[in-house]
Protein chains: 2
Amino acid sequence: MSNSKKVAPISGFPEYLPADRIVEQSIVDVIREVFELHGFSSIQTRSVEPIDRLSAQGEDTDKEIYVLSRLAGGAEQGMPRLGLHFDMTVPFARYVVENAGKLNFPFRRYQIQQAWRGERPQEGRYREFTQADIDVIDVDTLPAAYEAEIPLVIADIFDRLPVGEYVIQVNNRKIPEGFYRGIGLDASVGVIEALRIVDKLDKVGPDAVRDMLIGAGATDEQAGACLALAEIRAPDLSFVDRVRALGVTHPVLDEGLAALSAVIAAGMAGAPGRMVADLRIARGLDYYTGTVYETQLVGYESWGSFCSGGRYDALAADNRHTYPGVGISIGVSRLVGLLVGKGLVRASRSTPSVVLIALANDNVVARLASAAVAKALRQRGIACEVAPTAAKFGKQIRYAERRGIPYVWFPGGTAAGAGESSGDEVKDIRSGEQVPADPASWQPPADDLRPSVVRSSGAGSGTGGESGAEK
Amino acid sequence: MSNSKKVAPISGFPEYLPADRIVEQSIVDVIREVFELHGFSSIQTRSVEPIDRLSAQGEDTDKEIYVLSRLAGGAEQGMPRLGLHFDMTVPFARYVVENAGKLNFPFRRYQIQQAWRGERPQEGRYREFTQADIDVIDVDTLPAAYEAEIPLVIADIFDRLPVGEYVIQVNNRKIPEGFYRGIGLDASVGVIEALRIVDKLDKVGPDAVRDMLIGAGATDEQAGACLALAEIRAPDLSFVDRVRALGVTHPVLDEGLAALSAVIAAGMAGAPGRMVADLRIARGLDYYTGTVYETQLVGYESWGSFCSGGRYDALAADNRHTYPGVGISIGVSRLVGLLVGKGLVRASRSTPSVVLIALANDNVVARLASAAVAKALRQRGIACEVAPTAAKFGKQIRYAERRGIPYVWFPGGTAAGAGESSGDEVKDIRSGEQVPADPASWQPPADDLRPSVVRSSGAGSGTGGESGAEK
């Protein structure tokens, strides 16, 4: 096993030290807990799909796919050519079709897994990353109420995460679609192309979008109307009147306004202050057909969306049915990349242990005594470890200190090493306070029981946040 | 997204339906919980390593490695050629060397991740699989006590899992090594080669092993002594006298007997009845230098070991230090493959939801009422979901029934649909009992709160187990 080859990080494949990994775990734990509280079932799909399935998913994805081959060479008989999935959506669609006869519809599932894209890493974009997805999928038709439910799940999660202020931006694809049809843009630029152009608004600004629309065949007036629509943003139902004031009518626009109103109204009731109607949100992917979502952290807008998704009429189809659904995906790696990378959040210690059991002697009796204390504590859910050697107690305390373990337990008390065993004692090494303790009943304060993950002091919302970083 | 391509499982890449996934999750949860109770810190390494690092690990692994390439073709500048890791040990060794300056030693870490091997799948062997590893690693020297601690962690886990009877088999590589030297086998067959041959005992039987040893240069008497040593198996310290009775002496043998005695003694104290000294256990890999472990489920010996590991003197090395350690790896996928695949264990329902909130009407008021109940229950940790549509209550109850959701909640009572709203009521659909309930205080029985994972009736230990299968 020994080797002295050069070791180095690989760009786009982030790894964390134990304390930062605790932050990542705690985020995933919160996400999973809330997904389950909302009645989503876990599934885990294989990491690979046949290449022809992966590369069938739109124009831009081919170059991102990692293909597998065996180092020894040679395809195995009967095995398709495989690649790593680049999202959860393609494998989930396949899973639904494959297991349609065994699943209960509407099917509420969550999936927290890694995905891979062979593209150049950037801030918040990685080659290997973790996503946490929920979808509700049904057969042939899907109740509209789910489009209002999905962002409430996300608000429930983000309210529990140390992310500061955030905003869930919601739109309905039927609004721009109906609007573009209403002004006749479908005959020139085309609806999908216009959506694509307006979607670049954040990146390139209104002037460039206007130029692109005109370049694609829009009139000056049409381009102006598109931009006026995209500027509408409201935390309540006032967006409807503002759209109406633009004087455009189309039945698809009416449908979209009614649907978005229902989602925003549910948000005002269930997650007040968390959702806004934002009519510029389109999502790049062209399979969304109704509500679409993006989520920004206030002050970190340049990182892009931390949670996106929408409604689609056909996630998948087989010979007999289509499977419409609505879903959303939390970019776990991007979230951790921001919170840990910028030092906005930190864990209170680098180990689950809340107690170090000191070792008074290196003999068998002392070892068994320390092991018995550890066992008694663990049976009551208290994470602990026994000191590696019977070093001087000062050194054993430093072992705890370096790891952030708050308590050191002395079987027989601190005088035990000198042969004077009395009762057990436990020391809070932060305060120095040392008290008698019984392994069958001693309980650490609830705040100490598990490592806590806290917003660093000074990490407010917004760009001032980094000042409190401890990295 | 729509596609009608043929969908099919891929051999060696197992996937589960939601109820079976709950079994898998519960197993991983128990493993993680116990790892943390014993003070192991989580890390997660990237899924890829440079090919030259992966393929440096011994003779048989080359053919198993999945190499990555980008579908668009072309290596990216500055990127090494990458492959998927085939275990946790290679990436962990690299992580330790890479982060040695930032880790606290002795470093106790756990790692629950997937790994990939491009080999032909068999019973309990997959191309994509999950492993749960713990290791304690130190700088230059490692206290021997950790070799006794590791199997106690495993016993603590297996005692909590629905696996039936199991046995952790322990040996120390110094025992056969010292013994083989003591009978002069090192000069002919060689110690490593003799270990390899004896390791095949379970597969090929004693006669074939004897022939192979003699074929490799052993005398008849030497081969007989090797087999006599390998036959020794004891749940207590009696193995020492049985080895002594073979009349072989060597200082390395003495070391091995003392070390194994310490591990077995700790097992007798900390996990009585769970560990046996089994002198045939050698582990195929040649980097183990001290204690080695394997774990069998009684009645399923043909599945091989579910948990293996050992002590190594140099997991890794850099220019200044070596990193000795001791570790063990639970084959999570093999465990789930057995328990789920053979129907030995099942989940009580296919969703986390314990309550379905019925919908009395499809109007906004009824929706908000049901959403408010759901929110109140979730705030107290009760997983639930709202019915998709205001179908007849009988149909809504069947929605719960099909998923195994035990309770249906009626906001305003079951007469609410007819316009007569009284107080809320909740129905246990198993017993039919329906009682008034307040979303601010109602609590399901603890056994119902989460899906339970139970041994199927009739799944005893051993080969009779399958009779209770419900697959």
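Heads up, the Cβ atoms here are built off N, Cα and C, so glycines get one too.
As recorded in TrEMBL:
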DOMAIN    A:23-352  domain 'Aminoacyl-transfer RNA synthetases class-II family profile'
BINDING   A:Asp87, A:Met88, A:Thr89, A:Arg117, A:Gln131, A:Asp135, A:Arg283, A:Tyr287, A:Tyr288  L-histidine binding site
REGION    A:416-471  region 'Disordered'
COMPBIAS  A:459-471  compositional bias 'Gly residues'
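Taking the features listed in TrEMBL, we show where each one sits on the structure.
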| residue | record | Cβ within 10 Å |
| --- | --- | --- |
| A:Asp87 | L-histidine binding site | 20 |
| A:Thr89 | L-histidine binding site | 25 |
| A:Gln131 | L-histidine binding site | 19 |
| A:Arg283 | L-histidine binding site | 18 |
| A:Tyr288 | L-histidine binding site | 23 |
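Per-residue pLDDT, averaged across the domain 'Aminoacyl-transfer RNA synthetases class-II family profile' (A:23-352), gives 93. Listed binding-site residues A:Asp87, A:Gln131, A:Arg283, A:Tyr288 compared with chain B at a CB cut-off under 8 A give none as close ones. In this structure, A:Tyr288 (L-histidine binding site) is part of a beta strand by DSSP. In this structure the residues listed as binding L-histidine are A:Asp87, A:Met88, A:Thr89, A:Arg117, A:Gln131, A:Asp135, A:Arg283, A:Tyr287, A:Tyr288; their two most distant Cα atoms lie 22 Å apart. Classification of A:Asp87 (L-histidine binding site) by DSSP places it in coil, neither helical nor stranded.
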